[in-house]
Structures are given as structure tokens and as C-alpha cells.
Amino acid sequence: MQRAVSMVAYLGLRLQALPSALGRPLSCAQTKILGCDRVKLMESLVVGDIAELRPNQGTLSLFTNEAGGILDDLIVTSTSEGYLYVVSNAGCWDKDLALMQGKVRELQNMGSDVSLEVVDNGLLALQGPTAAQVLQAGVADDLRKLPFMTSAVMEVFGVSGCRVTRCGYTGEDGVEISVPAAGAVHLATALLENPEVKLAGLAARDSLRLEAGLCLYGSDIDEHTTPVEGSLSWTLGKRRRTAMDFPGASVILPQLKGKVQRRRVGLMCEGAPMRAHSPILNMEGTMIGTVTSGCPSPCLKKNVAMGYVPCEYSRPGTPLLVEVRRKQQMAVVSKMPFVTTNYYTLK
């Protein structure tokens, strides 16, 4: 209940990315992959099973390198219009675009039918328990038929050509709206006319994604982290595991069966909040890992964090120490998500 109230109060709308003066997205990059070989291209770069996606269904996946490291996390949607809609992090935009463009050229030189188009749209995220109710007033489509990780193109508060996806990086119900640049300000203004909706910045989103146990690229995962180490093994498609045909498969797949040296875990403590780079120690005082993200949880009234520890310390309930402001304090390994997620699924 407390989380629901706070969501309505400060995360009704997350203005995630209006186009900048240069036309580049501020927080998320949007791309279309077109052609008969679009799935072939995407599966040559990510770990997920893109071929199994139903029309307008999306999935979280990972770009990986040959060493098994995560280059970026992204959402891939197989649209009913016949292209893949890709949303990735703007902070990785240059390398992501170069990666995809390089693979497009490689496949085109081999005779494949594939191309890439950058989508110059804004991206508005409307998040919270009343998000669908607020949005329903501005669309003709029945949002009750749009479950988590599916999308549809529709007119939204008079702006045509918007792609509405039932997702968001908060652990709550909500949508992300890809809106043509010319209509982005109009749509944001229309949403803000509802008293339920408040602007919220990335700091508010950061506490919510952390409560939901969701990774932030560059902090919790990076090129030196494998999906198994990052507790993201669920992103590895079953068919892809069998085929062993994604970048880094020879490194990642043996980790599923054997023991990795470290794993991402959740941590909870009282006292001073844990922050990124805080040392994690065992009960004997030996440093065994580092916090990657941390903040006070508005909902739990406790401090939550993520970090990496050796496997033998990764079991929930394991007592540890964290060093905050040069003082050691008790912490405990905790299951994630810290706060139960509320994604909308069809009953």
C-alpha cells in the first residue's frame, strides 16, 4: 500500500527521454531491424530466443561478447508490422549502434535481407498502479488486453503513431510510450493534466528498480560480468542454450552447470545506507566483494543494495559485514526482488 501511494505521488510519469536538440535520445535508444533475416541478425548478437516471440511480444535480452561479458541490456519486440523494435541504453548507444550496424553490413555482404533504421522518437514512461487507468482515457484500445511485455501502435491523446509497451523499469505496472518527436511535449502535457500524474526523475526510478531487484548497466552489470554471474541466467533462451550459438556461449553455458566465482546478490541492512563501491566483508572482516548499487528503500524503511560475493556467501540469510563511512555494520544476503513486483498479466 505504501509503495502504491508513493508511486502515484511521485512516479505517475517518468519523462524518460524527450529528443535532445541533436535528435539523440537522453535515456533510451530506439531502433528498427527490418528484413527477412532480422531474427538471424538479432540472434547473432543476443542470448535470447527472438524467433519464438509472438507478434507484438517483447523480451529483455543481453548483448554479449565472445568472453561472455554483457555489452548492454535491451528489450526486443517482434512487431506485427514485420520488424524488430529494439530499445537499449542511450549510455551505450554508440557501441550498440556500431555493433548492430557492423553485423548488418556483414550479413548484407553474405546476401542476407536485413537493414537497420534509427527511430527518432521520444520515450515517455508512465508508471504506477493507476498508469493504465490514466492512459485509458486517451486511447481507444482496451489496455486490459495489453499484458506485461506486449505492445501495440495506437493514437494516444491525439498523437498518432505511438507504440505503447506494457513495461517499465520500476517493478510496477505501467507503460513506455514511443512517441513521434513532434508530439512528445503535447503528450507529456496531456498526461500531466491528470492530477494522478507527477513528473519524476531518474533518482526516483533508481530506488524503485533497486527495490525490484533490477540491474543498472554500468553499475550492476558490465562487459566483465557474465549473465550467470549477474543472476540473469533466465535471459538465456532454452533453444539458444542447446544450439550454443550466441556470443560467449562457450564461456557462459559451462557456468550454468559448474560453479562461478561470484554472483550478484541482494543485501539488506539497518543504519547508514550502503552505496556503490562499499566493501563487503565476511564475518571475519576479510573483504570478499563490493556493493554495486544501494539506497534506502522508501517502502521497507531499510537499506537495500546489490553487490557481488563469492558463491559460498550467496545463500539468502548469510550474515555479512559492509563498510560504510569507514565503519563496519551488519548486513544479510536477501532474496530479490526486495519488494514484490506488480506487473500486469492476463488472468
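Glycine too: its Cβ is placed from the backbone N, Cα and C atoms.
Just so you know, TrEMBL annotations are computer predictions that nobody has curated.
Per TrEMBL, substrate binding site is recorded for E176. Sequence annotations record features per position, and here TrEMBL assigns domain 'GCVT N-terminal' to 29-237. Among the features that TrEMBL reports, domain 'Aminomethyltransferase C-terminal' is placed at 262-339. The signal peptide annotation in TrEMBL covers 1-23.
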Cβ neighbours of the residue listed as 'substrate binding site' where a neighbour is any other Cβ within 10 Å: 24
DSSP residue counts for the domain 'Aminomethyltransferase C-terminal' (262-339), split into helix, strand and coil: 3 helix, 43 strand, 32 coil
